[in-house]
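Asks: Mind having a look at this structure? Questions to follow.
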Amino acid sequence: AMDKSAKAPQITIFDHRGCSRAPKSETGGTATKDDQMMVKVSQV
């Protein structure tokens, strides 16, 4: 029998490259394009 409780993860991709907002919210080392991208995976 098929397991009806099986669920797939929710995947959200954030791509903030090219944003015109001034970079005031972060401190630390020099940012690269990798600092403006993120993948979020969650089990709902």
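Using the three backbone atoms N, Cα and C, a Cβ is placed for every residue, glycine included.
Copied straight from Swiss-Prot:
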| type | residues | note |
| --- | --- | --- |
| BINDING | CYS19, ARG21, LYS40 | 15,16-dihydrobiliverdin binding site |
| MOD_RES | LYS4 | 5-hydroxylysine |
| REGION | 1-44 | region 'Disordered' |
Asks: Per residue, counting other C-beta atoms within 10 angstroms of the C-beta, which of the recorded positions LYS4, LYS40 reaches the highest number?
Replies: LYS40
Asks: Near the region 'Disordered' (1-44), which same-chain residues lie under 8 Å Cβ to Cβ, leaving out any that are not at least 6 residues past its ends?
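Replies: Apart from its flanks, the region 'Disordered' (1-44) reaches none.
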Asks: Of the binding-site residues listed here (CYS19, ARG21, LYS40), which is spatially closest to LYS4 (5-hydroxylysine) when Cα positions are compared?
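Replies: Nearest listed residue in space: LYS40.
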Asks: Would you mind pulling the DSSP three-state label for LYS40 (15,16-dihydrobiliverdin binding site)?
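Replies: Once the DSSP labels are grouped into three classes, LYS40 (15,16-dihydrobiliverdin binding site) ends up as strand.
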Asks: Express in Å, rounded to the nearest integer, the largest CA to CA distance found among the 15,16-dihydrobiliverdin-binding residues CYS19, ARG21, LYS40 named in the record.
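Replies: Farthest-apart Cα atoms in CYS19, ARG21, LYS40 are separated by 22 Å.
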Asks: Where does ARG21 (15,16-dihydrobiliverdin binding site) sit in DSSP terms: helix, strand, or coil?
Replies: coil
Asks: Which residues of the same chain, at least 6 positions away in sequence, have a Cβ lying under 8 Å from the Cβ of ARG21 (15,16-dihydrobiliverdin binding site)?
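Replies: Sequence-distant Cβ neighbours: none.
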